[in-house]
Amino acid sequence: MSTVHEILCKLSLEGDHSTPPSAYGSVKAYTNFDAERDALNIETAIKTKGVDEVTIVNILTNRSNEQRQDIAFAYQRRTKKELASALKSALSGHLETVILGLLKTPAQYDASELKASMKGLGTDEDSLIEIICSRTNQELQEINRVYKEMYKTDLEKDIISDTSGDFRKLMVALAKGRRAEDGSVIDYELIDQDARDLYDAGVKRKGTDVPKWISIMTERSVCHLQKVFERYKSYSPYDMLESIKKEVKGDLENAFLNLVQCIQNKPLYFADRLYDSMKGKGTRDKVLIRIMVSRSEVDMLKIRSEFKRKYGKSLYYYIQQDTKGDYQKALLYLCGGDD
């Protein structure tokens, strides 16, 4: 395995263990922060005839998540009302969705998105897959804790009752957040063994040994798997993504593809999802909002750079073309600038 690959692997992981604001986030803590003043200004904005959305957007998209929690606390102390409820009544449409998302902690936001993906008839597998495949161990463990707190049931139980077959097994294994952490020692023998096992369990045989794929892809560290997928190419005529498309179908195929893309390059994975949410006619606002809200303090700067590199125009430009009004303003602030 080349040293270059090892360095790239290390670089791709920095800033990844990131519920705390990361160096690659577009939203930073506001320097002259005053929760009381912000709470008062938001209260005035809500009371203004027609609602002063601009002030609400300016404040909440330019504060860190921690600062927003302080504003919500100060607002409740001032008015004896919950800030989220007040804003829910004052705002509507996509802007409301963005602002209410920003008021939740990262784990509360993910937990509520997961719950919504499994509520009612049918499952929104796309959202379930995106969140479960892209979060770190630490993030998943916090999501599990908060999910139980919010909904009085286990995330795993809800996943089990809403999914089936191998797709269920994969989602349950990932949701536990028990993947090995990246170590300083590189085990080349195990890399080779895993690459061969993935090939033997899939492309090489008739039918697929899905449990073998699940165990390797949900238990090994991200850095280890990046090397495994490289090594895999020396055994298989197809790369890992092509092999998945040949071997499995439906939700399971979609989940494995998302997972491998996240492991290979998470910022690029999100750049692709953002592009897909805006290309062609109509916008898949739910996906667009979720990524802009959830990655703004994690790796938005990396996502922007991957987006520009792959699609030739900036993420900022695409958002400008695809959205309008104060909703657009909020997303552009979260994007953090043009490239």
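Glycine residues also receive a Cβ, built from the backbone N, Cα and C atoms like all the rest.
The SUMO1 cross-link annotation in Swiss-Prot covers LYS49, and the record cites similarity to another entry as its basis. Sequence-distant neighbours of LYS49 (SUMO1 cross-link) (same chain, 6+ apart, CB under 8 A from its CB) do not exist here.
The annotation SUMO2 cross-link is assigned in Swiss-Prot to LYS49.
Here Swiss-Prot flags SER2 as N-acetylserine.
In the structure as shown, the Cβ atom of TYR24 (phosphotyrosine) sits within 10 Å of 20 other Cβ atoms. Among the features that Swiss-Prot reports, phosphotyrosine is placed at TYR24 (among others).
Marked as phosphoserine by Swiss-Prot on the basis of similarity to another entry: SER26 (among others). The C-beta environment of SER26 (phosphoserine), restricted to residues of the same chain at least 6 apart in sequence and closer than 8 Å, consists of SER296, GLU297, MET300, LEU301, ARG304, LEU334, CYS335, GLY336, GLY337. Under the DSSP three-state reduction, SER26 (phosphoserine) is assigned to coil, being neither helix nor strand.
Taken from Swiss-Prot, the feature N6-acetyllysine applies to LYS49 (among others). In the three-state DSSP assignment, the secondary structure recorded for LYS49 (SUMO1 cross-link) is coil.
Listed in sequence order, the same-chain residues six or more apart from LYS152 (N6-acetyllysine) with CB atoms under 8 A from its CB number zero; the list is none. For the recorded site, LYS152 (N6-acetyllysine), the DSSP three-state label reads coil. The N6-acetyllysine feature in Swiss-Prot is assigned to LYS152 (among others); the stated evidence is similarity to another entry.
All protein chains shown were included, and the count of other CB atoms within 10 Å of the CB of SER184 (phosphoserine) stands at 6. If you look up Swiss-Prot, you'll see SER184 (among others) marked as phosphoserine, on the strength of similarity to another entry.
The Cβ of TYR199 (phosphotyrosine) has 21 other Cβ atoms within 10 Å, all protein chains considered. The annotation phosphotyrosine is assigned in Swiss-Prot to TYR199 (among others).
Taken from Swiss-Prot, the feature N6-acetyllysine covers LYS227 (among others). Cβ neighbours within 10 Å of LYS227 (N6-acetyllysine), excluding its own Cβ and spanning all shown chains: 24.
Taken from Swiss-Prot, the feature repeat 'Annexin 1' applies to 33-104.
The feature repeat 'Annexin 2' is assigned by Swiss-Prot to 105-176, with sequence analysis given as support.
Feature annotation from Swiss-Prot assigns repeat 'Annexin 3' to 189-261. According to DSSP, the repeat 'Annexin 3' (189-261) comprises 53 helix, 0 strand, 20 coil.
Annotated repeat 'Annexin 4' per Swiss-Prot: 265-336, in sequence order, evidence recorded as sequence analysis.
Closest by Cα distance to SER184 (phosphoserine), from the modified residues TYR24, TYR199, LYS227, is LYS227. Assigned with DSSP, the residues of the repeat 'Annexin 2' (105-176) fall into helix, strand and coil as follows: 57 helix, 0 strand, 15 coil. The separation of TYR24 (phosphotyrosine) from TYR199 (phosphotyrosine), Cα to Cα, is 35 Å.
TYR24 (phosphotyrosine) sits 24 Å from LYS227 (N6-acetyllysine), taking the C-alpha atoms as the reference points. This prediction places the mean pLDDT of the repeat 'Annexin 2' (105-176) at 97.
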